[in-house]
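Worksheet: the structure to be examined is printed underneath.
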């Protein structure tokens with residue numbers, strides 16, 4: 001007992017020391033309002049007016065983004081000589097002291113985007129010139145001109161990555177990037193560049209990635225950056241792209257010319273490693289078959305290139321611009337949103353490695369599938385939103401789509417496809433033929449691939465998983481329409497009467513279907529077989545836009561997660577038993593735009609508690625010719641509904657019968673009371689003389 005006070009004192013002492021130690025750790029972790037972790041000081045958005053002076057001197061990364069610093073003084077960073085990365089994004093910087101980075105010999109990355117460095121660019125340039133080891137510099141969003149940028153980049157020969165995006169640069173010449181022999185990545189997007197003088201990039205022998213998107217370049221002629229691997233010139237006003245002639249080997253792998261005004265297919269290098277070519281949203285077309293080109297002189301264009309005192313003339317064959325281009329390594333080609341009316345002979349044959357071809361939203365009317373076209377490596381082909389009325393398959397090519405996995409033919413004018421087009425398509429998983437007026441073949445189509453039958457046959461395409469036939473004007477399906485397939489996604493929306501009173505045509509794919517869309521197909525509750533119990537793997541079911549008056553039937557182990565019943569004729573919500581069954585798996589249900597009776601929503605509370613009604617605020621019901629939101633339904637509605645359920649004829653009879661009986665009794669009493677006087681009055685009034 002005598003030792004107890006001693007133990008208590010020692011325990012209190014150790015607890016005090018531990019509390020102080022932990023408090024010190026917490027303070028260190030958030031010193032000066034900044035978060036510290038493994039040499040990184042995160043001071044972003046702290047409303048700091050100057051660089052904190054109480055951070056660990058050994059900090060390697062300092063993040064000061066979104067602070068109103070305005071000025072970076074000469075001594076602001078003197079305490080942090082080990083900095084390797086400094087970020088000053090959106091700090092309202094107008095001035096950087098000329099020796100602000102004097103102690104930062106280890107600095108490798110400097111981010112200064114979205115400031116106002118153009119205000120004192122000369123002093124800023126002087127400060128940057130001391131960073132001999134800098135590798136990454138971000139000057140985007142500083143309202144810099146080309147002269148300002150040239151001064152700031154002067155003598156920074158160690159730079160490997162530079163961003164000058166979102167400035168006001170208009171012209172580029174050899175002086176802007178002079179001495180940047182190690183530069184590998186240059187971002188010039190979102191400027192006002194309309195001219196690039198010859199030799200502007202000649203000194204950038206290590207340049208691999210160049211971004212010129214969102215500028216005002218009218219053309220790129222005599223392109224000769226052989227060392228470049230990716231070039232982005234999207235969102236300009238390019239009308240021509242011509243690589244330099246000769247057999248020089250280009251390292252170019254990705255070329256983005258999308259969203260320009262190109263009229264002709266670009267003249268690409270004769271020897272390159274190009275694997276991605278993006279030509280979306282231009283005005284391109286092939287013209288050889290559209291004009292009378294009997295004279296060779298009518299088929300060429302000459303470009304006069306003036307560079308100082310040197311004049312070069314480049315002659316281009318307008319009708320065969322792709323003939324000399326090296327497309328052997330091309331894997332991804334996007335030609336969507338152009339004016340292509342046809343593909344010339346041999347065009348696709350030059351691309352044996354092509355795996356993705358996008359020809360969406362062009363003017364194609366007829367497509368001839370010839371030998372080795374499409375290439376055997378083709379995985380995805382998009383021909384949607386054209387004017388295709390015919391597909392021609394060369395004889396002897398029934399398995400030309402053997403590698404194809406996705407085939408999009410939607411929004412065309414097709415009535416059918418060549419017989420055998422899908423034969424031996426062992427990998428075909430997705431087909432979209434929506435918005436074509438096609439019909440499904442009642443019997444296997446003819447094996448003659450020469451013509452185009454007026455139907456399409458998907459049977460026995462074992463690899464097919466997703467099929468879209470929306471708004472195809474399909475007639476009633478036969479029971480074997482999808483026999484031999486393992487569909488997981490099926491869209492039959494917009495085909496009124498396609499099921500003809502029964503979902504039996506879908507039984508072949510019922511065990512595998514996961515997503516089924518039957519929107520606007522004319523379903524009614526009078527269907528004798530509108531029972532989805534056999535669809536045990538169904539995850540999503542769309543029954544909107546039909547004429548259902550009651551809930552469809554579900555049974556067995558239900559896996560349904562999404563159910564859409566909008567725009568039907570439902571007057572009552574599902575019964576409690578159905579709601580409890582759906583609650584096990586259902587995550588989302590749509591119930592709005594139905595003429596519900598407010599007296600038929602007794603189970604609304606139970607359904608609401610499940611929190612699965614996605615359009616809860618839009619569900620309404622009718623009560624005494626009024627439309628009321630279910631969420632605003634008053635508490636007294638059940639009493640009103642009890643009165644509305646009473647037979648009104650019986651009610652009127654009960655109200656009128658006592659009144660009639662009372663009136664009859666009153667009349668009888670009156671008659672009996674005044675019977676004798678009344679008879680005398682009648683006799684006196686009706687008395688007349690007799691002739692006798």
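Backbone N, Cα and C atoms are what each Cβ position is placed from, and that goes for glycine too.
Given the structure is predicted, the values throughout are model-derived calculations rather than measurements.
For reference, Swiss-Prot has these:
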SIGNAL    1-19  signal peptide
DOMAIN    29-56  domain 'LRRNT'
TOPO_DOM  29-648  topological domain 'Extracellular'
CARBOHYD  74  N-linked glycosylation site
REPEAT    82-103  repeat 'LRR 2'
REPEAT    106-127  repeat 'LRR 3'
REPEAT    133-155  repeat 'LRR 4'
CARBOHYD  155  N-linked glycosylation site
REPEAT    182-203  repeat 'LRR 6'
REPEAT    228-248  repeat 'LRR 8'
CARBOHYD  232  N-linked glycosylation site
CARBOHYD  292  N-linked glycosylation site
CARBOHYD  309  N-linked glycosylation site
CARBOHYD  312  N-linked glycosylation site
REPEAT    329-350  repeat 'LRR 11'
REPEAT    353-374  repeat 'LRR 12'
REPEAT    403-424  repeat 'LRR 14'
CARBOHYD  408  N-linked glycosylation site
REPEAT    486-495  repeat 'LRR 17'
CARBOHYD  500  N-linked glycosylation site
REPEAT    512-534  repeat 'LRR 18'
REPEAT    559-580  repeat 'LRR 20'
REPEAT    585-605  repeat 'LRR 21'
DOMAIN    606-643  domain 'LRRCT'
CARBOHYD  622  N-linked glycosylation site
TOPO_DOM  670-692  topological domain 'Cytoplasmic'
Other parts of the chain folded back onto the repeat 'LRR 21' (585-605), taken as Cβ under 8 Å at six or more residues beyond its ends: 544, 558-576, 579, 612-615, 618-623, 628, 630, 633, 637-638, 640-641, 644-645
Which of 232, 500, all glycosylation sites, has a Cβ with the fewest other Cβ atoms inside 10 Å: 500
Residue 622 (N-linked glycosylation site): secondary structure state under DSSP, collapsed to three categories: strand
C-alpha spacing of residue 155 (N-linked glycosylation site) relative to residue 408 (N-linked glycosylation site), in angstrom: 54
Candidates 106-127, 329-350, 512-534; stretch with most C-beta pairs under 8 Å toward the repeat 'LRR 4' (133-155): 106-127
Mean of pLDDT values spanning the repeat 'LRR 8' (228-248): 92
Local Cβ density at residue 622 (N-linked glycosylation site) - other Cβ atoms counted within 10 Å: 15
Within the repeat 'LRR 18' (512-534), residues counted as helix, strand or coil by DSSP: 0 helix, 5 strand, 18 coil
Most crowded position, judged by CB atoms within 10 A, among 74, 155, 408 as glycosylation sites: 408
Separation of alpha carbons, residue 232 (N-linked glycosylation site) and residue 500 (N-linked glycosylation site) (Å): 53
